[in-house]
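Before any comments, here is the structure.
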Amino acid sequence: MYCEAFASGKCVSCPHIHQSYLQQLQRKQAQLQQIFPELPLELPCPSETAHFRNKAKMVVMGSSQAPVLGILNADEQVDLTACQLYPTGFQQAFALLIDFIRLVGLEPYQLDSRRGELKFILLSYSELDGWLLRFVLRSQHHLAAIRKHLPALQQQWPTLKVVTVNLQPEHKAILEGEQEFVLSAEAMLRQQLNDVVLYLQPQSFFQTNSAVAAALYQTARDWTAALKPARIWDLFCGVGGFALHLASPEVQVTGIEISASAIDCATRAALERGVSIDFRALDATAFADAAAQAPDLLVVNPPRRGLGQSLCQRIETLKPKALLYSSCNPITLAKDLQSLPAYQPQRAQLFDMFPHTDHAEVLVLLLRQGD
Ligand SMILES: C[S@@+](CC[C@H](N)C(=O)[O-])C[C@H]1O[C@@H](n2cnc3c(N)ncnc32)[C@H](O)[C@@H]1O
């Protein structure tokens, strides 16, 4: 794929974009084989090479009358509204947003002078339900003006379902703050993956590549069906993707996640699906430490830092029969597996959520040996 922003050195987010996709997959597969030298790997699950991202995180730069959406590379403002990773509908959405910024007179935040209000635009898309839009602002100064002009934007953009303002008052390179104002009638966006409808809302993690995420959850179902677990835990469950795919009337499922807003989404999805899942907003390690009995199947999908020593040790003493580990960081995955010596990998597969980058999502099924 040719990308002008990469060729000119203005955007380095996709360092392998000029390599053939087959070579990219071969490189990632070879890296995965180093972690599992003995295991015949499954074939990688590929992605579309363009238009696969369901969300955009845009830094807002320029001025209120000439806004630029993209990234700041050193001191250069790089317009990424034509980035090929976004589905085509994003370009029209960005154009509407640029007009809206002008209309409201939202001054982009300037890092050097610390003036201005609008820091980021965060935009998510679901084929089922439409758009979720978040304005990340420095203060509440323009909140009333955004509210006032929002009906006009919604009229032009009927599929704009959820609109919020997030406050991030600090002068730091962080994407969002804690306070969120919901400006639309709806606060959650529905997203369908396979036969499961998930809910997402601001401050809840959702996989970036919907098609590959659907394949990941379906594979989790396929690999674990024969195990017939009676009890499943989904630790780091987010909005409940794994738990909702694995739930059935015969199995008792518990989902644990630190973000209360993600747990609200997961709980609503379970209710609408008519399945009983015990979703709780807790720290995963604290939950495992306090548990008296192990599940038959433990699903874990931690952030990039991995499970860590203490949770791995707890898993070793709890002794669940099977462990399904979905990792977005093969380095911490390899480290965690060294701390889980009782578990033997049975199957491993690369899910290419992030083409053109070095990032890899890996699913591994492990069984406990020697009991
Ligand atoms: C890679 S995401 C996985 C989400 C989910 N499994 C999915 O498929 O979308 C990792 C999740 O771990 C959550 N998390 C981070 N630290 C946590 C902790 N200490 N205890 C429980 N959940 C945590 C994050 O909020 C995030 O939702």
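Including glycine, each Cβ sits where the backbone N, Cα and C put it.
If you look up TrEMBL, you'll see Q207, F236, E257, N301 marked as S-adenosyl-L-methionine binding site. Over all protein chains present, the Cβ of N301 (S-adenosyl-L-methionine binding site) has 24 other Cβ atoms lying within 10 Å.
The feature active site, nucleophile is assigned by TrEMBL to C328. When Cβ atoms from all protein chains are considered, those within 10 Å of C328 (active site, nucleophile) total 19, not counting its own.
Per TrEMBL, the feature active site maps to C328.
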